[in-house]
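Chemist: Under the heading carbamoyl phosphate binding site, TrEMBL lists SER47, LEU48, ARG49, THR50, TRP75, ARG110, HIS147, PRO148, LEU149, GLN150, CYS273, LEU274, ARG301. Marked as N(2)-succinyl-L-ornithine binding site by TrEMBL: GLU142, HIS176, LYS237, ARG277. What TrEMBL lists as domain 'Aspartate/ornithine carbamoyltransferase carbamoyl-P binding' is 4-160. According to TrEMBL, the feature domain 'Aspartate/ornithine carbamoyltransferase Asp/Orn-binding' maps to 198-309.
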Amino acid sequence: MKNFTSFADAGDYKALLQQALEIKANPYGYQHIGKNKTVGLIFFNPSLRTRLSSVKAAYNLGAQAWVLNAGADSWTLEMADGAVMNGGTQEHIKEAIAVMSQYCDVLGVRTFPTLKDREADYSEEVFNKILKYATVPVISLESATLHPLQSFADLITVAETKQKERVKVVLTWAPHVRALPQCVPNSFCDWFSEVDWVDFVITHPEGYELDPKFTKGARIEYDQKKALEGTDFVQAKNWSSYQDYGQVISNDPSWMLTPEHMDGTNDAKFLHCLPVRRNVEVSDAILDSPNSLVIQEAGNRVFSMQTVLHELLK
Ligand code: CP
C-alpha cells in the first residue's frame, strides 16, 4: 500500500479485513510499528469521528499524532497553480504540503467537494495536488468523492456482526435538510460492490443515481420497500444529486427509515456513518433499537485507520 484513497488502494481486501480484526482483538500489540513515527492530520472541513479515531489509532499503534485545522489554525492556503497571490491567500498548497510532509511519516487529509464544479470535484483536483506535493504516504480522511476509512469501518462492522456466510446489504438514500456530498455513498458502493459474500443493492429516488464508476453495475432498485425485502443490513445516507450536480431534487420524507420500513427485512441491522439528523434521515426508534450498529460502526473507525496506518508504516 502506497497511499489509501479508495478501495483499489486496499489491495487484497480480505487480507486487510483479517488484519483489522486481528488488530481490533489486540489493539496495543503492534506498538513497535509506530515507535518514533508521527501521523499528521490536516482538516480543511469539520470532523468528530475521523479526527478523534485517527488520533486514537495512532496512539494505539505507538505513534504520535498532530492535527491541523487548515485555514483556521494555519495561513489561508492557495490551491490554484500559477496564482498571483495578492488576495486573501497567504501560503500555497505546494509549500504547505511539502513542509508538513517533513513533520510526519504519514499524512491524512480531509478535503470536501465544492458541490458546484463537478469536473473539479470528480477529478479530485485538490486531493491530487496533495498527492503530488506530499513526500510521505497520504491517507484520505474524506476527499471530494470518497470516504474509504468509513467504508472500511462499515465492512469491519458487517463482517464481525453477520450471522451467515452470505448477506444482503442495502444502501438507501435518506432525506436531509441540506445538500450533502456523495462521498460516503460513492465509497460504500466502491467497497461493497466488490465484496464477494455480499448481495449489494442501492435504492434511491430517481435522479439520485451515483457515478457508475463507483456503483460498478450494482443493482439499483427505485422501490425502497422492494429493495429492503430480506435484507440483513441497511445503510442509510443522504446525498445530493450527481447528475444535477449538488442539487436537492427531492426530499420525500417517506424515505426516512422507520420501524415500518424494517418490516420486510431479515431483522436488519442498521448502519449510518454519523453524524445523523434524527427524525429527518432516520427515526429515533431505529437509532435507539438494539439493531442499530452506529456506535459500534463509529468505534470501528479506530480499527480501519489503525490497520491502514499499520500497512503504511510497517
Ligand atoms: N463519519 C465521519 O466521517 O464523521 P466525521 O465527519 O465526524 O469525521
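The backbone N, Cα and C atoms fix where each Cβ goes, glycine too.
What's the neighbourhood like for these features in this structure?
Modeler: Look at ARG49 (carbamoyl phosphate binding site): DSSP puts it in a helix.
Following the DSSP three-state reduction, the secondary structure of GLU142 (N(2)-succinyl-L-ornithine binding site) is coil. Residue density at GLU142 (N(2)-succinyl-L-ornithine binding site): 27 other Cβ atoms are found within 10 A of its Cβ, drawing on all protein chains shown.
For the domain 'Aspartate/ornithine carbamoyltransferase Asp/Orn-binding' (198-309), the model's average pLDDT works out to 98.
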Chemist: Select, from SER47, ARG49, LYS237, each of the binding-site residues with a Cβ positioned under 6 A from at least one atom of ligand 1; if none does, say none.
Modeler: SER47, ARG49
Chemist: For SER47 (carbamoyl phosphate binding site), what residues in its own chain, 6 or more apart in sequence, show a Cβ-Cβ distance under 8 Å?
Modeler: ARG110, LEU141, GLU142
Chemist: Which one is it, among the binding-site residues HIS176, LYS237, ARG277, that lies nearest to LEU149 (carbamoyl phosphate binding site) by Cα separation?
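Modeler: Nearest listed residue in space: LYS237.
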Chemist: Can you check which residues sit near HIS176 (N(2)-succinyl-L-ornithine binding site), meaning Cβ under 8 Å from its Cβ, same chain, 6 or more apart in sequence, and list them in order?
Modeler: ASN238, VAL248, ASN251, ARG277, VAL280, GLU281
Chemist: Would you count the other C-beta atoms found within 10 angstroms of the C-beta of ARG301 (carbamoyl phosphate binding site) for me?
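Modeler: The answer is 25 other Cβ atoms.
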